[in-house]
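If you check Swiss-Prot, you get these features:
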- ASP167: active site, charge relay system (ACT_SITE)
- HIS208: active site, charge relay system (ACT_SITE)
- SER382: active site, charge relay system (ACT_SITE)
- CYS225-CYS374: disulfide bond (DISULFID)
- CYS317-CYS347: disulfide bond (DISULFID)
- CYS467-CYS494: disulfide bond (DISULFID)
- 129-450: domain 'Peptidase S8' (DOMAIN)
- ASN173: N-linked glycosylation site (CARBOHYD)
- ASN401: N-linked glycosylation site (CARBOHYD)
- ASN645: N-linked glycosylation site (CARBOHYD)
- 631-662: region 'Disordered' (REGION)
- 1-27: signal peptide (SIGNAL)
Amino acid sequence: MKQRGWTLQCTAFTLFCVWCALNSVKAKRQFVNEWAAEIHGGPEAASAIAEELGYDLLGQIGSLENHYLFKHKNHPRRSRRSALHITKRLSDDDRVIWAEQQYEKERRKRSVPRDSALNLFNDPMWNQQWYLQDTRMTASLPKLDLHVIPVWQKGITGKGVVITVLDDGLEWNHTDIYANYDPEASYDFNDNDHDPFPRYDPTNENKHGTRCAGEIAMQANNHKCGVGVAYNSKVGGIRMLDGIVTDAIEASSIGFNPGHVDIYSASWGPNDDGKTVEGPGRLAQKAFEYGVKQGRQGKGSIFVWASGNGGRQGDNCDCDGYTDSIYTISISSASQQGLSPWYAEKCSSTLATSYSSGDYTDQRITSADLHNDCTETHTGTSASAPLAAGIFALALEANPNLTWRDMQHLVVWTSEYDPLANNPGWKKNGAGLMVNSRFGFGLLNAKALVDLADPRTWRNVPEKKECIIKDNNFEPRALKANGEVIVEIPTRACEGQENAINSLEHVQFEATIEYSRRGDLHVTLTSAAGTSTVLLAERERDTSPNGFKNWDFMSVHTWGENPVGTWTLKVTDMSGRMQNEGRIVNWKLILHGTSSQPEHMKQPRVYTSYNTVQNDRRGVEKMVNVVEEKPTQNSLNGNLLVPKNSSSSSVEDRRDEQVQGAPSKAMLRLLQSAFSKNTPSKQSSKIPSAKLSVPYEGLYEALEKLNKPSQLEDSEDSLYSDYVDVFYNTKPYKHRDDRLLQALMDILNEKN
């Protein structure tokens, strides 16, 4: 009897478990606002039922006759519970044979599961492509990749998109490129033939174009080199740099086969010597204009440009008319440490950033190389632009109807500032967008860009408008050393006219400035919304007396703002060279934008924690603006803010002021630990490091020296804050604590 009772209990328990499991499965279902029904009588009967019962008739289900799909007019899009009452009412209709509410079904692709990104491809250098995959050993480290793999996992790999590389040629028979080579996207303007093959020489001087093309379209899973960002795209090469370059050659290259080529990638420009001011000639400018108007069947060619490698020479890409063009997407670089590399230039025209080389300890970029070889040492902004071009190819596969301006909006709206947040110079513009003269709107995020470009939800941006503001009564204004010229520019942004602008894109300030030493000029423009932008920073090597003649200084920093109000132009010379003199001859402000706000901008930009910065992979809390007080001239010159003979009370006062500015405790700990573990060898090893101390004023002076000038927001009294490079030690660095330690030791040495 007991045995029978036990059996009944077990059976009951089993049935209960099965019932719970079934209900659990059912509970996990997500029911959608769609009903399938079998109805005889054709579409007329289905339409009548829909109208009577409050449905929208979505149509016949596939090729199944008498089967229709309905959507209820007053039901949520998704629900965890089925709407039994709605289903019953539909089923009770005599004309309905069968009805069922639809629910989401989980389906998985029956492909072999991958253990990790390391196993995605058999290409031998794939594991070295740190910028395309998450190579972290622990989740506590920040992600470094461009978020490309999630796009590939959707099957988006660049199919149907054509990119051409304007450079010194393309080794098109390279076994990692040949399968994706497109002869219709290729030409040799140096020798005027259809073969862009590079000229070999003993130094492999003409490897540049092949390396850039490899980044974009190296074939996947062919046991050769690495993997291109858009590894199923088609790539061509324009050979135009290996010989005499003329305006005609540039125009022919920029405008080559615009009905076939989608994206043009260029990693070149005028000399990055810190003293050149040059842009496209008349013909090249017309080629750009033709490309955006007629290219890609009227949707506009996509021009991707490297922002320049003149950082060591103090160059400024605002003096490069190619990156400064409204028609190009100017791409800067970030190192593996998430920092602005030594070669990078600053300017207000840079739109976004991708990864490239940094210090000698950082990994570089992998690609194909001459003589059917491979390389892991591709460097500079030359390597950043092709990565961006590859990402844009992924977006064009996802949505071929994107216009050239759509692409720029997508870049602005999805680039991430957080991975680069430990760099100085970030500011929020009047539209709530984070922007930086070193990085534009931040690091490219391929997944976010492609997701936003989804043709099911993306709406092409409104028609572009142009509004020109100028003062016909303006009289030339004189400028001398240690002087300034301020021009107030009130505008209604062509309000009430067909070309009225309510949402900004690019802003151009076209000016003629005569000056005895061009490199001493500093130009800022403050928008009606209060965003201050450095249009031109000093260039020590630029001693030219030629000034600027009708030069377009371009900025993207006010993107999304309403331009109505008063803008302020300020031109200064703080060099102290008393012999300097000149004048502002004429100017005009050119606003580019739209009369109505683009659809995707009607809600504020939301920044995510993707690729969160953690102080160069050290797990230290993120730096914030240490202080917000205005800089003194000493701070702008990189000098210590407290002289050697300062009293302790003055040091204490300054420390109290900085505590109110919320200095980072993590930085203090980092300085202390760095000093402790790197003390001179004469210190006894028996003394515990915890007993070592750094003078409190030394800690704060190090913080000031490293952060104060460069962390300040732009204001009338901090024109130079975005361009002070004290933060980036000129000596090779490995991690942030090395630079902090170096600054601290410099301070202590000065005191001893």
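The backbone N, Cα and C atoms fix where each Cβ goes, and this holds for glycine too.
Note that the structure is a prediction, hence the values are computed from the model and not measured.
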Spatially speaking, which of the recorded positions ASN173, CYS225, CYS374, ASN401 is closest to HIS208 (active site, charge relay system)? Use C-alpha to C-alpha, please.
CYS374
So if I draw a 10 Å sphere around the Cβ of CYS317 (disulfide bond), how many other Cβ atoms end up inside it?
30
Using Cβ atoms only, which residues of the same chain lie under 8 Å from ASP167 (active site, charge relay system) while being at least 6 residues apart in sequence?
HIS208, GLY209, CYS212, ALA213, GLY237, ILE238, ARG239, MET240, LEU241, ALA266, SER267, TRP268
About how far apart, in whole Å, are the alpha carbons (Cα) of ASN401 (N-linked glycosylation site) and CYS467 (disulfide bond)?
27
Using a 10 angstroms cut-off on Cβ to Cβ distances, just flag whichever of ASN173, SER382, ASN401 is the loneliest among these recorded positions.
ASN173
Check CYS225 (disulfide bond) against DSSP and tell me helix, strand or coil, would you?
coil
ASN173 (N-linked glycosylation site): which of the recorded positions SER382, CYS467, CYS494 is the nearest Cα neighbour?
SER382
Closest of CYS225, CYS374, SER382, CYS467 to CYS347 (disulfide bond), Cα positions, recorded positions only:
SER382
Out of CYS317, SER382, CYS494, the recorded positions in the record, which is closest to CYS225 (disulfide bond) when you go by Cα distance?
SER382
Give the sequence-ordered list of residues that share a chain with CYS494 (disulfide bond), lie 6 or more positions from it, and have CB atoms under 8 Å from its CB.
LYS465, CYS467, ALA500, ILE501, LEU591
Indicate the candidate from CYS225, CYS347, CYS374 with the smallest number of other Cβ atoms within 10 Å of its Cβ, considering only these disulfide-bonded residues.
CYS374
